[in-house]
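S.K.: Look at TrEMBL and you will find 156, 158, 193, 194 tagged as FAD binding site. The annotation domain 'FAD-binding FR-type' is assigned in TrEMBL to 96-218. Among the features that TrEMBL reports, region 'Disordered' is placed at 1-56. The feature transmembrane segment is assigned by TrEMBL to 64-84.
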């Protein structure tokens, strides 16, 4: 397994890790059928179009064909997927097979990142991630889908952005019910999937599988009302999912997002030719202003990129219940242990949380063997009188980024688990009894 050096407290954190593709959700799919020959027997990849096709007649199997015809047939089969898909194969989003979606929008955020909008080729009247009824509400507070890279036969999970809050709510609901999804994709060196997705034009097909539910953050939060979400790069998207779910569920909840990015261009677009230059962001400091610090993202900031505009829309929706601070690597700003301590200590006080001991939802020790993709709802085993729940400190981003702030995740029996709390979070647990007792640390 690739290892990352322990980060020093000096220098910029995100620079070390933003260029390292995260392997937490990257797995190689079986090779296509024509690459799986062994002793005359052919096996099929579950992702190939003919994976579930009926077994052909043995007499037909026995016939010999020239190699060129076999290759031609394979290529023709892939090209005619939409016309000749095997009977019984689901045509809409499901957890077993990949289905085609069309890219309908491609908003460039920076030279290395885009916001992709996709819609299923076949409309699903009841997308599996939406609750039944006229309102297009998501079933899960935190969830993802898998994208397939057909050239290399690999798949990776991506988290969709929350449904857009627009001026025409009916149009937004129609898009959600039609299965429209949006994804923030940043190409990184060595990132086979992100590079593939980043170069696809509008009209191209992509193949998705899911949905896959993540941590049940609402049940873990329980009676508590505080969430601090520390995100690196595209790890901001799960933070947006969590913020919307938590703030919609409880009018008294409070969420703070700390977002670390490589460049200011991820947050604010540069002024084009003939455009008036707006006030600089982050605000520049004079020679007497001291060291640069993370800056607040405000709803009134002009020139926001597509992804920053999504955050501004959430801020406009929830007001001062959602705070967003940004650290920019190229400006040598970063989030220190002091910044995290300030965030978890921010806001009004809440009653002390119960210990959560022996509860898989609230016991930090039991989370060491937990995986972020939860197969089903788990029961809470806390005593009812204890007002079960924990405030949540969640870290999401590249592998090294997560390890620095919350400790490394651990592979156990082929499954990536949470592992023990480490890094900055462990330091805060040792120094702050309230953080150790009242907060649950989660790694995405």
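Glycine is no exception: its Cβ is also placed from the backbone N, Cα and C atoms.
Those TrEMBL annotations? Automatic predictions, nothing curated.
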S.K.: Let's check the environment of residue 156 (FAD binding site): how many other CB atoms sit within 10 Å of its CB?
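M.R.: For residue 156 (FAD binding site), the count of other Cβ atoms within 10 Å is 22.
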S.K.: Near the Cβ of residue 194 (FAD binding site), how many other Cβ atoms are there if near means within 10 Å?
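M.R.: A 10 Å sphere around the Cβ of residue 194 (FAD binding site) contains 24 other Cβ atoms.
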S.K.: So how far apart do the FAD binders 156, 158, 193, 194 get, largest Cα to Cα in Å?
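M.R.: Largest Cα to Cα distance for the FAD-binding set is 10 Å.
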S.K.: How many neighbouring Cβ atoms, not counting its own, are there within 10 Å of the Cβ of residue 158 (FAD binding site)?
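M.R.: Excluding its own Cβ, the number within 10 Å is 22.
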S.K.: Taking 10 A as the limit, how many CB atoms besides its own sit near the CB of residue 193 (FAD binding site)?
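M.R.: So the Cβ neighbour count for residue 193 (FAD binding site) comes to 23.
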S.K.: Report the DSSP secondary-structure composition of the domain 'FAD-binding FR-type' (96-218) as helix, strand and coil residue counts.
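M.R.: Helix, strand, coil within the domain 'FAD-binding FR-type' (96-218): 18 helix, 49 strand, 56 coil.
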